[in-house]
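Annotated domain 'F-box' per TrEMBL: 6-42, in sequence order. The domain 'F-box protein AT5G49610-like beta-propeller' feature in TrEMBL is assigned to 120-314.
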Amino acid sequence: MESLPIPDELLAEIFLRLPSPADLARVSAACVSFRRGAADRAFLRQYRKLHPAPLLGFLDYRGVFNPADPPHSSVPAARAAALAADFSFSFLPGLTADWEVQDVCGPLLRNIDVGIVLAELVVCDPLHRRCLMLPPIPADLAPSVEDPLWRTRCYCAFLASSEDDDEETSFSVIWMAECVKKVVAFVFSSSTGQWRAASSQSWSNLFDGMLSSTGHIRFHCRHYANGCFYWETALNENLLVLDTQRMEFSRADKPDEASGGAIDCINIGIVEAGEGGLGMFVRVHMTSDLTYYTLRQEIGGSSSKWHKEKTVSLGSRYTLVGSRGSYLFLHRLGSSALE
C-alpha cells in the first residue's frame, strides 16, 4: 500500500523547523516534492524571517574584512568568504580610492568626488565581484533638499530590505539628507530602477517644543531592527525613526537611563527582541554595567514603555560600538576584534 503524500502545509511547517539553510538544501534534494516545497517563495520568506543569514564578519574603518572567529557557528562560511571575496573592491569602475563605503550590508559605496545630491552610488557584491551603478537622483527631486547642513556631509545612503518577493536579487537604497528645517529621504528600488521621494518631515513637527535656537537636530549612530532605522539625536531623550514599510519619520523615546547627560557618555544598541519586539542595550560611560530593556505595550492602552529586563557586568575594558538585527557588537579595549 502506497503511503499518502504529505500535504504542502504540513511540509512547510516541518521545513520551517530545520535549523539551518544547509539542512534545508540537503532535505530539498531528497525528492521533487520536497524541492518544490523548499523553493516556494511564500515559504522562503517565512524561512528567512526565522533563520536570518549568518554573521560572517565585519568590514572595519580601514576597509579590512574581519571574519568571525571561533566559537561562532559561521566560522567555516566566514573563512570561505574571506578567501573568495574581493574586499578591496578592485572591480569597481575608476580608481578604488575614489570610492567610500557607505553601508556594509551590500555593500554600498559612493564616489567621494561628486556633488551633494547628484552623488554617484554603486551597490556591489564582493563575493562574486560584480556591481551595479545606480542612476543619479533625478533633477526634479533635488530642489526638495533645501539648505543642507554641513555641505559635504549633509546626507547618508544605506541599504534597506526589499519589499520584492525575490529577496535574493532585489534591494532598496535610501538616501537621506539633513537640512536646516527638515529631514528628507529618497528611495531607489532595484525592481523599478528608479528613485522616488520617500518622506520629508520638518524638525518642528518631529520635535515640537524641543528644538534649540538653531531649529534643527543633529543625528548620528544608525541602528536597524524590525524594518525600522533608528538614529540617536542631540536631544538625548529621543530617537529619530524611519519606518521603511510606511516610509515615514517619527520620534521615539529612550529609557530613562539612556536619556539626559552628554550624548557621548551613553552607549546604546537597538536589537530585535523576537516576534517583532524591540530591545535596547544601554551602557553608561565609566561604568561596567550593560542593561537590557524591552519595549512593551502598556496593558489596556495604546502606548508602549521601556522595561528593564536584566543588567550584566562587562568589565571596564568593553565598549558598545553598534548593533544590527539581533546582533550586538562590543569592542574590547586593546583588542582588534569585535565580540
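Backbone N, Cα and C define each Cβ position, glycine as well.
Just so you know, TrEMBL annotations never went through curation; they're auto-generated.
When DSSP labels each residue, the domain 'F-box' (6-42) comes out as 27 helix, 0 strand, 10 coil, counted as helix, strand and coil in that order. On the 0 to 100 pLDDT scale, the domain 'F-box' (6-42) averages 86 in the predicted structure.
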